[in-house]
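Pulled from TrEMBL:
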type: DOMAIN; residues: A:14-211; note: domain 'ABC transmembrane type-1'
type: TRANSMEM; residues: A:20-40; note: transmembrane segment
type: TRANSMEM; residues: A:60-84; note: transmembrane segment
type: TRANSMEM; residues: A:90-108; note: transmembrane segment
type: TRANSMEM; residues: A:189-214; note: transmembrane segment
Amino acid sequence: MFDFLEDYDLLGAFWVTVKLTVYAGIGSLVWGTVLAALRVSPVPVMRWFGTAYVNIVRNIPLTVIIVFSSLGLADVFGITLGAADDFEALGFRLSVLGLGAYTAAFVCEAVRSGINTVPVGQAEAARALGLNFRQVLGLVVLPQAFRSVIGPLTNVLIALTKNTTVAAAIGVGEAALLMKEMIENEAQLLLITAIFAFGFVVLTLPTGLILGWLSKRLAVKR
Amino acid sequence: MKVRKVTAAAAVALALSVTATACGGSDKDDNGSGGGKKITIGIKFDQPGVGLKTPDGYTGFDVDVATYVAKELGYSADDIEWKETPSADRETALQRGDVKFIAASYSINDERQKKVDFAGPYLLAHQDLLVRSDDKISKATDLNGKKLCSVTGSTSAQNVKKTIAPKAQLKQYGTYSECINGLSSGAVDALTTDDSILAGYAAQDQYKGKFKLAGLKLTNENYGIGIKKGDTKLKDKINKALEKMVKDKAWDKAVKDNFGPANYKNDPAPKIGDIVK
């Protein structure tokens, strides 16, 4: 029943999924934190930009963002991210860009909710010590905020893992693309879908368990 | 409680459909539950020249063949209900009995023959390239280093990577329309899939004269009419209809009508059961 699996590089495809998740995850964490900082900053223009970015990007379907990154950015505007002659690398980089830009909106909101859990007195005390905005945020508020948002960020990360399947729309060789190829060749819809569903559970379940445990350990008790 | 009943009903329905696929070949009534004399046929909705849904109805070679076959089975064109069957859904649609038969650029291969039966073949297509009319690609080795475009996960895309041109750059999109956009803008050099589908695109009004078929005949694709496994009676009837269609020249007319404007050089009508490897 499973003998046809030998013809396919199942692990390789899931490895691409993992790489997409990790790179896009790191990218969105950095960019999302910057966005959160913008949204709580004292400068109105920055606040306005952060709010506009989050509200626009999170309301555009991910498929549209990913397909646009390939059809629009690469094909029409010629932005090739240093991989003009290697479509495989180009597709991968464009997907990381699209996934990161999209997920950052959700990371930003998670981090901002974490900032709201830090009592106002903490920031006031830090300012009273003479720290500037960057120091208040970086040394006092964000470290506490992150410890309380590991749970919500885990959800974002799991959603990101599953969202990587959208990259198949622009031909990135990850799990969903291999699934499509296998269904096309083997004509075994239910079995193949079940295998890939299982693969994603294997990827995301441990993430949820480990980070869930971590979030309990690290939460700031108030 | 109401919600639970609905879930239970859904579970039962699912279980029934699964068991129904396990013991196929017992359908006596062709008419479904509607009562009227209708036939449901699976086609593609998004392949110009082959199977295309337009505001005025359905066009394409597969549609013409299916209409002819349905007529021979005793259904007029008005009795036909067209149903979209994307590549991934074709086997399940037949097993569930959603469609009576499928004519949707459905290439006969061993894996599929384990799941469904095929009447025909009714057309011998080949994987080919669609290039800009001023481009020169005359043999498969010219492809190395070129930028190709195909549909994600399709057999054509896999063939390029595995056998035809492993050194070519392959871009994959969800539909051929996205590829053809890149072809006219220069982002890719060629679009690859079955020549019948390519001919359909090249024949579309907005692309007339812009693109041409390279005519490389990279693979053999034997288009068959998919039917439920074990339904030999229907298979024989469809085969007879196909033979008749070739004999009374309706086949030639359908080829000319749908692929003609693209300068498509078709193979002669294949003999029933004669699968070219």
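Every residue, even glycine, has its Cβ placed from backbone N, Cα and C.
For the transmembrane segment (A:189-214), the residues of the chain that approach it from at least six positions outside its boundaries are 1, 5, 10, 14, 17-18, 21, 150-151, 153-154, 157-158, 161-162, 175-176, 179, 182-183, judged by C-beta separation under 8 angstroms. Sequence-distant neighbours of the transmembrane segment (A:90-108) (same chain, 6+ residues past either end, Cβ-Cβ under 8 Å): 16, 19-20, 23-25, 27-29, 31-33, 35-36, 39, 50, 53-54, 57-58, 60, 62, 65-66, 68-70, 73-74, 80-84, 153, 156, 159-160, 163-164, 166-167, 170-172. Same-chain neighbours of the transmembrane segment (A:20-40): 46-47, 49-51, 53-54, 92, 95-97, 99-112, 115, 137, 142, 153, 156-157, 160-161, 164, 167, 172, 174, 203, counting only residues six or more beyond its ends whose CB sits under 8 Å from a CB of the stretch.
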